[in-house]
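Engineer: My questions will all concern the structure given below.
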Amino acid sequence: MSAVQQFILVGFPGFQDRESRLIYSIFFLIAYLLICLWNLTIIATFTLDENLHKPMYVLICNLAILDITFSSITVPKLLAVFMFDFNMISYAACFIQMFFYLALATSESLLLMLMAYDRFVAICNPLLYPTIITNKAILKQITLCWVGGLLIPILPLILALRLSFCGPNKVVHCFCDHSSVLRLACADILINSYVALTIALSVLLIPLAYIVFSYTRIIASVVKIASSEGRLKAFSTCGTHLLVICIFILTAAGVYISYRIPGTSEDIRIMAAVLQNVIPPLMNPVIYCLRTKEIRDSFVKTVKRGKLLSH
């Protein structure tokens with residue numbers, strides 16, 4: 001049982017003035033609208049064009065769905081805090097938000113690893129690709145990513161729910177981050193902290209290690225066979241992918257570790273956690289789709305077809 005019935009989200013403790021809140025509100029509102037617009041465009045293009053119903057594009061479409069859902073867990077509440085001072089959140093809603101944030105972050109990490117595996121097989125074993133990577137196989141693997149994302153955070157959540165919260169109830173964050181909420185517990189959280197850190201780093205760093213390995217092998221294969229122009233394109237593409245993946249995974253890992261480092265700035269930690277929730281979903285449509293010729297062509301055809309139907 002907990003005496004606390006609701007929590008107060010503080011936001012950025014060092015930037016409580018109206019001007020700062022307005023700037024953050026405008027930035028995150030524009031970012032969220034772009035995330036929804038770009039990712040919904042990808043989903044619509046994939047749905048309407050049967051030529052895109054291939055494993056790689058199935059993965060990209062799922063990433064778009066995940067990106068919209070992931071940012072929607074936190075950004076609307078963040079905007080409510082900054083724009084309208086609506087900073088109260090019930091005990092139940094706080095833990096629901098915490099669970100889905102952890103679940104979707106885990107699913108995205110696993111999906112990014114699966115996408116790296118898809119590209120690894122396509123480039124390093126092209127002859128085996130049609131037999132190994134089929135739509136049926138990729139849908140099963142995507143399902144495992146989603147199910148894994150929902151199952152892995154259950155243990156940290158159960159351990160957190162067993163704690164009592166008797167006050168204070170101010171969460172120094174923009175949303176119900178697991179570690180920030182745990183700091184308010186009126187009990188020893190050492191076991192919770194170590195369990196959460198172990199699971200988080202495993203979920204983040206194991207996929208990252210595999211992704212880096214895959215892209216290293218991909219670059220090595222391309223260097224052997226491609227022209228100088230092709231090598232440059234491969235380095236550019238792989239470098240961009242790795243940059244966004246590192247922003248997502250390393251930022252999340254850094255946030256978890258920072259709670260164990262005394263003197264870490266609360267504002268920097270919170271900003272890192274929020275940007276990890278916004279920047280990758282904003283950039284993924286650009287690096288995975290707008291730079292993919294088949295998706296660009298499909299989008300143009302879809303738009304033209306829509307104009308013809310309207311006439």
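Glycine is treated like the rest: Cβ placed from N, Cα and C.
Features from TrEMBL:
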type	residues	note
DOMAIN	38-288	domain 'G-protein coupled receptors family 1 profile'
TRANSMEM	22-44	transmembrane segment
TRANSMEM	56-75	transmembrane segment
TRANSMEM	82-104	transmembrane segment
TRANSMEM	141-161	transmembrane segment
TRANSMEM	189-213	transmembrane segment
TRANSMEM	234-258	transmembrane segment
TRANSMEM	270-290	transmembrane segment
Engineer: Between the transmembrane segment (82-104) and the transmembrane segment (22-44), do 3 or more CB pairs sit under 8 angstroms, pairs being 6 or more residues apart?
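Structural biologist: As far as Cβ distances go (cut-off 8 Å, pairs 6 or more apart), the transmembrane segment (22-44) and the transmembrane segment (82-104) touch.
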Engineer: Using a Cβ distance cut-off of under 8 Å, indicate which of 82-104, 141-161, 189-213, 234-258, 270-290 has the most pairs with the transmembrane segment (56-75).
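Structural biologist: So the stretch in question is 270-290.
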Engineer: Restricting to the domain 'G-protein coupled receptors family 1 profile' (38-288), report the mean pLDDT as a whole number.
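Structural biologist: On average, pLDDT over the domain 'G-protein coupled receptors family 1 profile' (38-288) sits at 87.
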